[in-house]
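> I have a structure I would like to understand better, so I am pasting it below and will then ask my questions one at a time.
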Amino acid sequence: MFQSTIWRMLRFFARQLADAKKYLVIVMFMLVGTAAIQYAIPRITQAVIDQMIPQHAVTLLAWSVAGLLGLTALNGLLSAGSNYLLARVSQGAVSRLRNTLFTHALGQDFAFFETSKTGDLMVVLTSDVNALQGLLSPQALGLIGSILTALIVLVIMLIQNPVLTGLIVLTFPLLFLVNLYFSRLIHGAWRRVRQSTGTMNNQIQESLGSILLIKSMATEDQTADTFADVNESNRQNQLAATKYFAEFSPLIDFVDYLGTALIIGVGAYQVMGKSFTVGGIVAYLSYLTILQAPVRALTNLIDRFQQAVVSYERIENLIAQQALVVDPPHPVALAPFHDQIAFQHVDFHYGNNVPILHDVSFTLPKGESVALVGSSGAGKTTITKLLDRFYDVTGGAITFDGIDIRQVRRRDLRRQIGVVTQDVLLLDTSIRDNIAYGLGPVSDDALWAAAEAANIADFIKSLPEGLDTRVGERGVRLSGGQKQRIAIARIFLQDAPIVVLDEATAALDNETERRIQTSFDRLMANRTSLVIAHRLSTIQHAREILVLEHGEIVERGTHKELLAKNGRYAQLYSLQFK
Ligand SMILES: Nc1ncnc2c1ncn2[C@@H]1O[C@H](COP(=O)(O)OP(=O)(O)OP(=O)(O)O)[C@@H](O)[C@H]1O
């Protein structure tokens, strides 16, 4: 499983890199250039020490120093250029991936968002994508360059001084293993730091998000104590990571130094026996850094690689999620609503298979109003969600002017249905943008007309910034009634022929209730409406009232008929007006 994920991830990278072929070719040339320069610089230094100093070759020395400066500058340019190009390639790939994932997540079924946590999705879209970026980073891709340089340098060193080079190479496995072992420990410690930082962030987010609950239950102290615990464990983890780092860095440095010690010891001994030169020692000390670089980078890369594989697996799982409620391959065009909506023997259960609706049938003719009543949890909201096709029925069918709603594009269907829910969703932007959300450019006249119709225009005018007033996160700066009227204004502007109204259960004061009711009445006039009624006084003119219990229609008829029947409806009615 792990193995095959690795292959799929590598293929993914290959596809991403293939798109940027021309950049990669340029980068390769730059890397070869850098390798050559890195080899040449110590070589020139060696020549200065071994030849120019003994021969007093001053002119050549001046040229050599100028050459060294020039080469160093060129090396800087080449590595800056290749870093930039590699960063461009990797950032392009990552940003494309993030777009794909976000669009994919948005396209998921409603049910998907009910079962997966927002936090987990955030992790995939941010940290997991970052982990892949870590592997596609200039440092990681630059490893190819440093391996190339190291190989060239190694071959030349072997030709020059096989014994010393052989001894240096012998230290590499040790260097690699020590690096790998300790960097794992250090990385593990940092991983724990990241986890506890995540927990801490979640805690902050949750507390600030439920500040009203905390204040009203006076649990500030308790919340602060819980936070202090999480914060303390984060501090402990950070301390542990820092301690590991402090303890192991000297050890890693010591192993790194073994190579240097060999060059100085063996090299100097060879100089005494005239089989090596002082300049050679100096050059070899520079080459050692070049040789050790990829060994150390490789350990880092192994870790990143493992993290990336885990992340890639989670990304694949998200991509593998396929929405079930999708548009048909050959959608039927939907004309403006002109006849009726019909629920035909509709059965429904959510993902957990608990039956919610059973054999629900009713029709909603154009221009009429049908009301749903019943106790909490009876399935009223579920019926409205099915009409909007957030879920597909599990039995029976819903038709729109005789066409099964599964045969049309969801967008075409939803455009014709305006929904006002109990908990109004507003975005943290201006009142203007909230009313016009999703409706494209809208004139101020149209906005004001909608606001008037929704009984919210006076309130907006009373605000110093009018339509440009920001509503705050989730509309916190507005009252429940104001939020609902903004949502109603949106529906007026949308001008959908069908409206679904879920009346607020929250106790609104009489004045607000009257205002909302007036705007509801205006919305329903000349439109077709499906109303979930909690205040039974408001639906007396409905063409048909459906009384729902445990997902079944137990009574149906007009207000008068149902009262005369003296059944469940009459009971609910008398409960409200007693
Ligand atoms: N996403 C879901 N997954 C599983 N069960 C659900 C889901 N949404 C709702 N339910 C269940 O479906 C049943 C009907 O819920 P629904 O929201 O349709 O009731 P309702 O009649 O609108 O209630 P209320 O008047 O309280 O709003 C409830 O028992 C509820 O627990």
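The backbone N, Cα and C atoms fix where each Cβ goes, glycine too.
Taken from TrEMBL, the feature transmembrane segment applies to 21-41, 61-86, 140-159, 165-182. Annotation source TrEMBL lists domain 'ABC transmembrane type-1' at 25-307. The domain 'ABC transporter' feature in TrEMBL is assigned to 341-575.
A description of the local structural setting of each listed feature is requested, covering burial, neighbours and distances.
Residues of the same chain lying 6 or more positions beyond the ends of the transmembrane segment (165-182) and with a Cβ under 8 Å from any Cβ of it are 154, 157-158, 244, 248, 251-252, 255-256, 258-259, 262-263, 266, 284, 288, 291-292, 295-296, 298-299, 302.
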> Roughly where does the domain 'ABC transporter' (341-575) sit in mean pLDDT, to the nearest integer?
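Computed over the domain 'ABC transporter' (341-575), the mean pLDDT is 85 on the 0 to 100 scale.
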> Within the same chain, where does the transmembrane segment (21-41) have neighbours whose Cβ lies under 8 angstroms from its own Cβ atoms, ignoring anything closer than 6 residues to its ends? I mean 6 or more beyond.
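Those are 68, 71-72, 74-75, 78-79, 81-82, 85-86, 88-89, 141-142, 144-145, 148-149, 152-153, 156, 286, 290, in sequence order.
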